[in-house]
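Taken verbatim from Swiss-Prot:
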type	residues	note
TRANSMEM	14-34	transmembrane segment
TRANSMEM	47-67	transmembrane segment
TRANSMEM	96-116	transmembrane segment
TRANSMEM	140-160	transmembrane segment
TRANSMEM	166-186	transmembrane segment
TRANSMEM	201-221	transmembrane segment
TRANSMEM	242-262	transmembrane segment
TRANSMEM	283-303	transmembrane segment
TRANSMEM	340-360	transmembrane segment
TRANSMEM	371-391	transmembrane segment
TRANSMEM	396-416	transmembrane segment
TRANSMEM	425-445	transmembrane segment
Amino acid sequence: MSASHKNLHSKLSIGGLLITLGIIYGDIGTSPLYVMKAILGNHTINADIVLGGISCVFWTLTLQTTIKYVLITLSADNHGEGGIFALYALVKKTKIQWLIVPAIIGGSALLADGIITPPISISSAVEGIRAFYPTMQTQTIVYIVITILFILFTIQQFGTKLVGKFFAPMMLIWFAMLGTLGFIQIMHFPEVIKAINPYYAYHLLSVHPDGFFVLGFVFLCTTGAEALYSDMGHCGRKNIRISWIFVKTTLVLNYFGQAAYLIHHEGSTLQQLGGENGNPFYLIMPHWFLPFGIVVATLAAVIASQALISGSFTLINEAMRLNFWPKVKIKYPTEVKGQLYIPSINWLLFFGCVGIVLHFEKSGNMEHAYGLAIILCMIMTTILLNYYLIMKRVKLYFMVPLITIYLLIEFSFLIANITKFAEGGYVTLIIAILLISIMTIWYLAKKINKNYTKVIKIDDYKKVLMELSEDLSIPKYATHLVYMTNANSVDELEEKVIYSILQKRPKRADIYWFVHVNILTEPYKTQYKVTEIAKDDIYRIDFNLGFREPTKINLMFREVIRDMVKRGEVDITSRYESLNKNNIIGDFKFVLSEKFLSNDNDLRWHENIIMNSYFFIKKLSLSEERAFGLDSSSVKIEKFPMVLHAPENIGLTRITK
């Protein structure tokens, strides 16, 4: 890990705490915009439901967010980084193959959540305008929300370095506003504090006819807990844990303040109190304060959306490095480490968000679609966390009850959320299934490809390569010929590479270079190793890169060459006499292989589906040369047929007459 990055997120400081407010808590911090509104819906306000609901909210924030994520899961860091893929990279060391399943399901569910969070947060905030303009059409609200989304996704290409400076003070104002508004209402009806007693939650769940299914809406208060873990690398465990004390306090005050207001108006409905989009979040505000409250809420919702978008970019980047996702173009708009921009994902998210807004129109309708995907992610995190605790040799008498309790809690939330399937939950589930399918196909195809890749010992061909280099009867193909190789062992090489050099068209070069990229299970590391196979003839370079590092092979390779020349380990000047005496450096040529599925295959039905789907997706993804950051003018693409199962007997008969 780079020192600069390590220092960035490891220190506890006032600045670090403020940055944490601006980055980490957008999702969970904007939940008061819609949680109590979702719990009540169109029903008449009932004290039992309000007290039971707010008790469930308090204990969900305590058990799920505080204990599971802030205290336990944040301890499972991968060199300071968090998130479900970082956790998978840790437990991958156990060599348990099936752990890939919860990793893919969890990552896909988290990405699906990124499509619903911006629309519901921004819509909930913007709908507050109706407090001043009750007759405002729903379509007008929809257009405003889409406009905000368009601006938000458009500025992603410029990075968040500039606007990011305002995130922290803005979220500080937001949380201070939440706490103050809630506290004022509690002072009017202090009895609401009794809802801290878990009896009220139990009473709601066990006695009230629809009590259990209220959990589906209660869960919305903790959907942002996974983001606390995913963004740990930006702020650090200590900063998150300390700042959470302040954040949870303001959230609890606001939730209880909304509950106090509602109990005071028992017997009414939200629609009677605030019109079509009656929302207790805005109802507890003094009328004169509403303009300021709406603006602050909208800005907080935008910041929450920004955090989800940035998190999605990071997640896709990690998925690519772990071979879960096809290669896509990545840009680095600023020099801030870890900040990246993925154009294709950015606009897919945008159109997904717009689709959600157009389909559901109102935040109240979106509440039914929200929660199902993220609870799946949380369950998958719990499964992976279990193996992390085993890996850390945590005592069974502590680990087994802990994991069992959380699986029971989370499966209860899952069952409650499934009831919302027909009313909107199907949307995020369909998106999650689509993402799971892409990741599974890509991973299995890569695995099949690896299993059928033939490797040879490079020593068996060292002599012939050296002879080819000296064979003046063959035209020189390049001074330096560079091949990318997937062979993990330094003394091995794919058979197709040797075939390309010796048989497809003999390629004479002064020096042959074989470059291998090894993705590490830790996030930030850039190392390389040089293996001399034959002095001034054959070399292998192994790059060891963290799973969050950009793969800029062209720049890295040239840096390695400069270092080798400086050390006197290689002579890269042209061997043409006229050029050599003037110290002219020879040219470099990269040769990349592009596979296609051969017709000479007798694949099993499932392999046929996987491989055809893989090559279809591959056509839409980034080319190898762009993925490795190579200059297209110095790259040669060669196509190779991919034969996995050649037919054993094609039934051909020779005729002698």
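Placement of Cβ uses the backbone N, Cα and C atoms for every residue, glycine included.
Nonlocal intrachain contacts for the transmembrane segment (96-116), taken as residues 6+ away from its ends with a CB within less than 8 angstroms of a stretch CB, comprise 84-85, 87-88, 223, 226, 230, 308-309, 311-312, 315-316, 318-319, 322, 324, 349, 352-353, 356, 366, 369-370, 373-374, 376-377, 379-381, 383-384, 387, 427-429, 431-433, 435-436, 439-440, 443.
If you count C-beta pairs under 8 angstroms between the transmembrane segment (242-262) and each of 47-67, 201-221, 396-416, the highest count goes to 47-67. With a threshold of 8 Å between CB atoms, the same-chain residues lying at least 6 positions outside the transmembrane segment (283-303) that come near it are 22, 26, 29-30, 33, 118, 121-122, 124-126, 128-129, 131-132, 148, 152, 167, 170-171, 173-174, 177, 181-182, 184-185, 257-258, 261, 270, 273-274. The transmembrane segment (371-391) makes contact with the transmembrane segment (425-445), as judged by at least three Cβ pairs under 8 Å among residues 6 or more apart in sequence. If one looks beyond the transmembrane segment (201-221) by at least 6 residues along the same chain, the residues whose Cβ comes under 8 Å of a Cβ in the stretch are 28, 31, 34-35, 38-39, 48-49, 51-53, 55-61, 251, 255, 367, 370-371, 375, 412-413, 415-417, 419-420. Highest Cβ pair count under 8 Å relative to the transmembrane segment (47-67), across stretches 140-160, 166-186, 340-360, 396-416, 425-445: 396-416. Here the transmembrane segment (140-160) sits against the transmembrane segment (340-360); at least 3 CB pairs are under 8 Å, leaving out pairs fewer than 6 apart in sequence. Among residues of the same chain six or more beyond the transmembrane segment (340-360), those with a C-beta under 8 A of the stretch's C-beta atoms are 114-116, 118-119, 123, 142, 145-146, 149-150, 153, 156-157, 159, 309, 312-314, 316-317, 328-333, 366, 369, 424, 427, 431, 550.
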